[in-house]
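Visitor: What follows is a structure written as structure tokens; I'll ask about it next.
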Amino acid sequence: MTRFLNYQFNLILLAVSFFTRLPVPTAIDYSPQKLHQAGRYFPLVGWLLAALLSAFYCFMLPYLGREPTVCLLIIFSLMLTGAIHEDGLADTADGFWGGQSITRKLTIMKDSQIGTYGTCALICALLSKFILLSSLAADQHLLLALAIAYPLSRGLAISHVQHLAYARKNSDNSKSDSLAQPMQPRVLLWLLASSVPAVLWLPLSSAILVIVSACVLRFALKHWFKKHIDGYTGDCLGFAQQTQELLIYLLLIITLPKTVNEQTIGFLL
């Protein structure tokens, strides 16, 4: 049992080191196979990030107020993850909309320089996050939104490896090479189960809407990736995570109760 727990803890540390910039012990037992197995803990990394961001928000809010704290929260999130998912969002936008053939799209996505489409996608995503999170904060729902969106968006993103082929046929030594294998059914079940616990805190109608809508987007993205590059890359997973996160925020704003403050009442009167 101790050996099993140590092995799983090593996988968790691998997942944290791969998906964040958080410090981890240097003595991690690494191999491509172990990194592939660590993908099952992607939602757990989301839980960790949500906890750190929630603590940051609660600490800074009394000093700065809502909007400045939300702005710093987004910056802190980028620092924690190294903007790995935003990088995937930008590269996918550049490749899918800037290339004509599969080969050209993959070449553009591999280019370290950002183009017009990627810049526009990043600006839209970051502005949307600020607006949506500010709205959720105004209604006292921001912490719940983080607890739902961070694990769920990551679990759904990594699930694409189950049903799509890795688009880069020849290994290019990218970070996602080690993840480019389907998961065992029991591992996939654990992945999805660990993504949704916070959704259970929602009213039933809201929970159903979030899960169904997120699954619809997941399958829409699957076919979109298939259409453009006949598979997926690590950038596609980043794109999927970002769009899922934004969708969840939007759905929570729509479904959760609103806080009517005195200023709003005065305006209506």
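Every residue, even glycine, has its Cβ placed from backbone N, Cα and C.
Taken from Swiss-Prot, the feature transmembrane segment applies to 8-28, 41-61, 70-90, 114-136, 196-216, supported by sequence analysis.
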Visitor: Given the cut-off of 8 Å on Cβ pairs that are 6 or more apart in sequence, determine whether the transmembrane segment (70-90) and the transmembrane segment (196-216) share at least 3 such pairs.
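Guide: Taking Cβ pairs at least 6 residues apart, the transmembrane segment (196-216) and the transmembrane segment (70-90) are not in contact, as fewer than 3 fall under 8 Å.
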Visitor: Decide whether the stretches the transmembrane segment (41-61) and the transmembrane segment (196-216) have at least 3 CB pairs under 8 angstroms, with pairs required to be 6 or more apart in sequence.
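Guide: They do not touch: fewer than three Cβ pairs between the two stretches lie under 8 Å.
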